[in-house]
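Just below is one structure, and these are the notes that go with it.
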Amino acid sequence: MFILNLLLYIIPILLAVAFLTLIERKVLGYMQFRKGPNIVGPYGLLQPFADAVKLFTKEPLRPLTSSILMFILAPILALSIALTIWTPLPMPNSLLDLNLGLLFILSLSGLSVYSILWSGWASNSKYALIGALRAVAQTISYEVSLAIILLSVMLINGSFTLKTLSTTQENWWLIITTWPLAMMWYISTLAETNRAPFDLTEGESELVSGFNVDYAAGPFAMFFLAEYANIIAMNAITTILFMGSSLTLNLTHIDSITFMMKTLLLTMAFLWVRASYPRFRYDQLMHLLWKNFLPLTLALCLWYISLPIALSCIPPQL
């Protein structure tokens with residue numbers, strides 16, 4: 001039974017990731033006035049499966065000078081963390097009902113840094129190492145703003161439990177009442193998942209392919225799956241935090257559909273941003289966080305600390 005539960009939890013995520021790659025190629029294609037994949041299957045719908053078969057049947061090569069154990073463990077760790085992040089998410093029911101769900105998510109997103117660092121170092125390539133160091137600096141930096149924004153949301157919510165956020169947002173979504181936080185959170189998630197315009201780790205023009213330059217076949221596919229699973233997970237977390245309750249009178253299946261639609265909308269915005277904006281320069285990326293986001297998030301956090309004290313408020317779910 002446990003294995004069945006695990007499979008029913010992992011397979012839909014991997015299917016969603018597979019079709020996200022197809023949607024991305026289609027959306028980017030239409031935005032650039034071309035068709036995108038349309039050969040394999042009707043309207044190119046079987047393209048992700050063809051890619052998966054091709055990648056997993058090829059021989060996994062590795063550089064002679066690489067560190068074998070770390071080189072193999074890095075993609076496995078990346079995919080494991082990307083799948084584990086989903087466990088506490090209420091959609092509307094979660095696999096693990098954690099009281100400290102948000103801390104769990106924050107800790108796991110911090111752990112993903114190690115897989116990138118291992119892959120860059122174990123490849124024994126200067127391009128991979130530079131890409132990995134960029135990724136680590138970027139991820140750790142933007143986690144600071146993510147943590148402070150989460151703290152502000154938790155001060156409004158009154159607990160670290162994700163399920164209570166739907167009660168908090170019964171009247172108004174937090175994306176309306178705390179829009180500066182939501183805006184900074186969304187931009188920080190773009191940086192956290194290494195997406196354009198913050199994709200400095202995979203800068204093709206300067207670093208060939210970044211930290212995964214020496215990976216091929218299966219291990220490369222695992223990094224690819226981890227990246228896209230993280231994108232969907234981050235947008236699901238954004239939906240829970242800022243676009244919570246759907247007011248459907250406990251109709252679980254309708255709740256799930258509305259949750260899915262909101263997450264899809266945010267994911268499409270990720271693709272739109274990728275198609276629209278050029279890559280940031282590295283110093284601009286760091287200045288955006290340390291000189292703009294950090295002072296703003298700290299000021300807003302202090303505001304949300306002082307507001308309940310000044311108005312003698314109690315958490316919404318009590």
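The backbone N, Cα and C atoms fix where each Cβ goes, and this holds for glycine too.
Quick caveat, the model's predicted, so the values are computed rather than measured.
Beyond the ends of the transmembrane segment (3-23), by six or more residues, the same chain brings 37, 44-45, 47-49, 51-52, 83, 86-87, 95, 224-225, 228-229, 231-232, 267-268, 271 to within a C-beta distance below 8 angstroms of the stretch. Annotation comment: Swiss-Prot describes 3-23 (among others) as transmembrane segment, evidence class sequence analysis.
Look at Swiss-Prot and you will find 68-88 (among others) tagged as transmembrane segment, backed by sequence analysis.
Taken from Swiss-Prot, the feature transmembrane segment covers 100-120 (among others). Within the same chain, residues 70-71, 73-75, 77-78, 81-82, 84-85, 88-89, 94, 128-133, 135-136, 139-140, 143, 146-147, 150, 154, 160-162, 192, 201, 211-212, 215, 223, 226, 230, 237 sit at least 6 positions outside the transmembrane segment (100-120) and bring their C-beta atoms closer than 8 Å to a C-beta of that stretch.
Residues or ranges marked as transmembrane segment by Swiss-Prot on the basis of sequence analysis: 136-156 (among others). Away from its own ends, the transmembrane segment (136-156) comes close to residues 102, 106, 109-110, 112-113, 116-117, 165, 168, 174, 178, 181, 184-185, 188-189, 191-192, 194, 198, 200-201, 241-242, 285-286, 289-290, 293-294, 297-298, 300-301, 304-305, 308 of its chain (Cβ-Cβ under 8 Å, at least six residues beyond either end).
Swiss-Prot lists 172-192 (among others) with the feature transmembrane segment.
Swiss-Prot lists 222-242 (among others) with the feature transmembrane segment, giving sequence analysis as the kind of evidence.
Positions annotated as transmembrane segment by Swiss-Prot: 253-273 (among others).
The transmembrane segment annotation in Swiss-Prot covers 294-314 (among others), and the record cites sequence analysis as its basis.
Counting Cβ pairs under 8 Å that are 6 or more residues apart, the transmembrane segment (294-314) and the transmembrane segment (68-88) reach fewer than 3 and are not in contact.
Simply put, out of 68-88, 222-242, 253-273, 222-242 has the most Cβ pairs sitting under 8 Å from the transmembrane segment (172-192).
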